Every structure is written in structure tokens, then in C-alpha cells.
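Annotated in TrEMBL:
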{"type": "DOMAIN", "residues": "155-266", "note": "domain 'Acyl-CoA oxidase/dehydrogenase middle'"}
{"type": "BINDING", "residues": "159, 198", "note": "FAD binding site"}
{"type": "DOMAIN", "residues": "302-466", "note": "domain 'Acyl-CoA oxidase C-alpha1'"}
{"type": "ACT_SITE", "residues": "451", "note": "active site, proton acceptor"}
{"type": "DOMAIN", "residues": "512-685", "note": "domain 'Acyl-CoA oxidase C-terminal'"}
């Protein structure tokens, strides 16, 4: 059972240790504890406290400064830690639907500690587990309990060596034999090997394997998922006909064993087909509740939307960690000043504020949206589990697919750019591995490519929007969606008649200003639609026409996604239930994220005529800098809300006490290699003056 939390509210949100960050904390315009309670709620804060306390007090999770684990040892340790997480019983199978926020919170807490561990857990429970639950039927539900008891360990095998994004071209086959009521799973050659599959390299015993389903008469019904045992449960040796192994060291997340598998005429029982989307009778007749093969194919890949929604939260978590480290560093690192005798924190410099604070605002905005989308995904899965075949359910699936397909690129790229900016903003100390920014950068990097390459995914979103516009143009249909994400397009093209009319910085300090500008950016929808038609009139086929979208479909999808994030956060911070003491700081975060994001589209705003003179661009830039200045004194308190305990953050320059140099020097001396070399200078402790010690030795 999970350790129980002892103590009252003081233990839940303890005061930070006194130190150099005190002055910034004292200047904050709000209570960080109040914001934490408002943002997450007491129950979720206690849940996080329980998880973090369990990790910190368990020797299996002890941090080991200077310990450079071998690849084999790191992967073994990740598996043992994953097993321990299940022993703590933080989540049950029922929590997946009954307490979905606990699922998201656990993933983020584990990721803050180590993304190899978190990814291993997610792939087993949420990706493999949800694939079995959502694509299978009652005959497969016995696997669910085995997943949570770790009787089996799973992975999701879709990608092949030669095919990733183009899932329809997957080449693994499943031929049905009615005489034995078995499917024969086969990889025609090495290019059809399942590849990059997380957990498959060393530890997975079972896989959800996607293969082309062939009937005895020769007809192929396309890609279908099968649950296949790939290793012996006791020995972990490959099952007959299965060649499985590890693909080797990666740029990051090396505690996760990504692997490959080749199948040579592996026979599996008929009931191993996950049959919610399509089934085969014992005699060899194919049956499906979907009349349209494209709908069936989309439904069968529902687990990919789960993955993309989770990746959004993973990327946002990385951004939270990076900006927490960089903000605390910037509030304590002093360089230069108005006089030679006075140095000021680098956070006081406008450039440092401009580099970091928009990413702090982005962390808050993206976090709120990703949580909302996670809950929307839960609603979709509940409908699927209940057998809902309504038009609304189908449209909800398409809408979430479009949002997740653009949400993952926006979140992962924002985190990628933000982590790099934080690394550089911490100077040379940011390049030191022990301060973790390099690890965060490498661990976040795959978020940009797995579960779909970002640039390819954006086409899914632009195609969704173009499809809605086509229906309106052709049939006059109203543009509506279950989550109301596209309802504003019903006013197209009248929105395009609007112009930017704000003339002062003061009037620009509200996210509503950027919200109106983003809605006008449906200009990109018109431009993309016209570009496609122009290409087709020139003789291009549909495939060729859609291959000309770098300056059309791509920015359309990103601008739409930024609008969704902004609109969600804007509505959130302007709700009546927001405590009066928090409204100002949350409003500034919303406005800063909005204007900073909008500023990247300045050229489009001028080209399309929304901006008409130089003043518009100047007001936008001045408003961004004004908001940065207003948020500067709140920066430390804002990261206090989102930063995990020091043990989890694991960055000497980002510790909550703000003792930048003591913590950094102490961490260096804890490194066993440094201690070995410097054992003849024992007085070099964090409590002794370094300069004096050096002079005495000289």
C-alpha cells in the first residue's frame, strides 16, 4: 500500500528554507500556497506529496552523485523501480476512469524524478493497457488485472524499421487459418521488424502488435491489433518464432529499453485478435461494426491519441522543471550593477526576463490545456467502452485527434526551445550535467518525433480544419464540434473584416486582445484552402497539392493550437471562482503567453492586413516587456508552485534555499571522482572560505 501522509497543512505545503531567495518571495504579489491549492486542489497536492515522499524515503530511488551507471544497469534499475511503483499501489485499474487526474499526476511525478521510469510505466499501463481495454472485448479483460499486478509486462508495437508515420503501409502480416482457428503472424523481411518499441528491448513479455489482417480468400482488411506473448514469463527468453532484442543506446531516456521484434510464422489463437473494431468468426468470416474501413482504421489507432495527449503533459513537465531551475538561478546569480560595488541578480535585467518569463507563462497555459485535453480523452474512452456509436462520439474522436495532433508539436517544441533558453540563461553552470538541464533537453527531444513526427502530425490538424471549411463552402453546413474548439469558424469569413485597433500598451495587457487576433488568423485557413485549389487547378493531384503546405497548412495548425491553449487559459483565469488575490498574476501570465506567442505571427498579421501601421508592432513588443517587468517579482513564487521537492528536481543551482554556490560546490565535492582527486585538500568544504584556503596552499 502507498505510504500514508502524516501531519496537517503545514506538512502539505511547508515553508521554504531561509536564504537568498527570501527577498523575491517577500515581494511576490500573491501567496504561492493559495495558488497551489487553487491550481491543483488539496487532494491532488496530498497525492503528489505521498508519491514524492515515497520516492525520497525508498533506498531504491536514492540519488547517487557521481555514479555513472552502465546501460544494462540503468535499464535493470528502471525496471525494478517500475515494479516498486506498482507495489506502492498508487493507482488501481479502476482509477484510470474513476480518478483520471491521479493517473496524469502520477505520470508527471515519476517524470520529474526520471523520464525513463515514467515512460516505462506509461507504456505498460496507459498505452499497452488502454490498447487492450479500448481495442479488445470482455475476453481480453483478464489481461487488465495482470497488467496492474505485473504478472505480464507490455509494449505497443506499431512502428517498423521502414515505416513509422505511414501506418497504412505497415508490412507485418496476420493470415487466418480456419482449420486451426489461429492467426499466423509473420515479418516478411527485416524492414518489417517492429522497431523503436519501448519496453520491448529487455523486459516486455507481451505486445500489442499491429499487422495486416488477411483472410483465407486473399482479402486484406487492413491493420488490426493482436496481443502476442513475446517472452517466457519466467525466463524472459524469446517465445518460439520470435526474435526480439534491444536497439541500443539513445540520446536520452536510456533507462527505457527500446527494442525490435521479428516474427517468423508465429501462431496465435483467434481470440488474441483485439476485436472491438473488427473480428473473425471461427469459420473465417470477417465482421465489423464499422461499415467504413477508414473509420475502423481511425478507431483502431485510438491509443495513439492517448500517447500524444500524455506526451503533451510530459513536455510541459520538462518545461516546468527547466524554468524552475533557471528562475531560481537567475534570482540568486548576481552580475554587474549600477556601481562597481553593487551587483544585482540577473533576473533584474530585461533581457533575462524576456528570455525566461514567457516560458514560465507558457508552462502554466500549456499545463492547464493538457490537463483539460486529458479529461476530454477520458470522456472519449468512456464512450467507446460503453459502445457509444453516436455521431457526437465519432465527431468527438475526430476533434480530439486534431487537437492532440497539433498539441503534441506545440508542447514538445515549446519545451525544446524553452529548455535550451533556460540552459543558456544559466550560463556555464547550465552546461554542467549535474544541474540537469542537459538531461531534460535530451529526455524531451524524443517527444518531437515519437507517436508521430511533429511536422507530419500538423497536417492531420490542418486537414481537419480544411475538411470543415469544405463542408461549409459546399453545403453551407454550420461549423460546430463537441468541445467547441472550431465554433468560432462559423463566423468565417466575417472575422477577416476585423482589424487591430489597440493603440496603447495599457489596453494591450489583456489576453482578450491576442484572442481576437488569433481568431482573425483563420486568414490562414482561407489562404491554405485557396492554395490547395490553386494547385489542383494547375493540374496537381490531391497528393501533390497537399505537399505544398510549408507556409500554409503548417502555420495554420500551429496558430489554431495556440488559439486553443490561449482560449482555454483565458477562460480559466477569468472564471468567477478565481480568488481576487490571484486574478492579477494569473491575468498577466495569460496575457504574456498570448502576446509572446502572437508576436511570432507578426509578419502574417501585417501581410493579411490585420496590422496596418508600425504602431501595432511596437505596442505588441512594449506590452510583452511590460508584462515581463510586472511578473519579475512574482517569478520565484510562481516556480515555487510548480517545482517539485529538491530531491526530485535534482539540480544544485535550482534548490529551494537559493544557496547557489554552496549547493553547487557541495555537489561537486560529493562526486566520488572529485573526492578521490582532492582528498589532500580536505578543508575545501562549503563552510570554509575558498580563497583563503587557496592562498595558504600557494
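The count begins at 1 with the first shown residue.
Yeah, the Cβs are placed from backbone N, Cα and C, and that goes for glycine too.
In this structure, the C-alpha atom of the residue listed as 'active site, proton acceptor' lies 9 angstrom from that of residue 159 (FAD binding site). The Cβ neighbour count for residue 451 (active site, proton acceptor), using a 10 Å radius over every protein chain in view, is 25. In the structure as shown, the Cβ atom of residue 159 (FAD binding site) sits within 10 Å of 20 other Cβ atoms. The Cβ of residue 198 (FAD binding site) lies under 8 Å from the Cβ of 119, 120, 123, 155, 156, 256, 257, 258, each of these being in the same chain and 6 or more residues away along the sequence. Across the residues of the domain 'Acyl-CoA oxidase/dehydrogenase middle' (155-266), the predicted structure has a mean pLDDT of 96.
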